[in-house]
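A short worksheet on the structure shown next.
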């Protein structure tokens, strides 16, 4: 029984070490994807003002402008394109640039010393 407990403890410790490997933050960020509200369509709202705002278009992977009525806005509603990209474009956050991931080459997201696990983003 004590060997079983020791084995379980070692497995938990190994899992914790792997999860905290330096450089793994990018892997987690790329896999996590944007927040759920970034997939919502733009919402003008019931008011009749005309403010230019930006929303993240999950289909194209770009931030696009739309007209916001001024009240009851939803979360996919940003003052400028930079804020939109920072919040919703996980590819841009991970790679330090803007644009979508669809045209990116295969990218490895492995902790140092592990076998390559590549996948195509987008």
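Cβ atoms are placed via backbone N, Cα and C, with glycine included.
As given in Swiss-Prot:
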SIGNAL    1-20  signal peptide
DOMAIN    38-88  domain 'BPTI/Kunitz inhibitor'
DISULFID  38-88  disulfide bond
DISULFID  47-71  disulfide bond
DISULFID  63-84  disulfide bond
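Overlay of Swiss-Prot annotations on the structure.
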{"residue": "38", "record": "disulfide bond", "Cβ contacts under 8 Å, 6 or more apart": "56, 58, 76, 87, 88"}
{"residue": "47", "record": "disulfide bond", "Cβ contacts under 8 Å, 6 or more apart": "69, 70, 71, 72"}
{"residue": "63", "record": "disulfide bond", "Cβ contacts under 8 Å, 6 or more apart": "54, 55, 56, 57, 78, 81, 84, 85, 88, 89"}
Lowest local Cβ density (other Cβ within 10 Å) among disulfide-bonded residues: 71, 84, 88: 71
Structural state of residue 63 (disulfide bond), classified by DSSP into three states: strand
Secondary structure at residue 71 (disulfide bond), reduced by DSSP to three states: coil
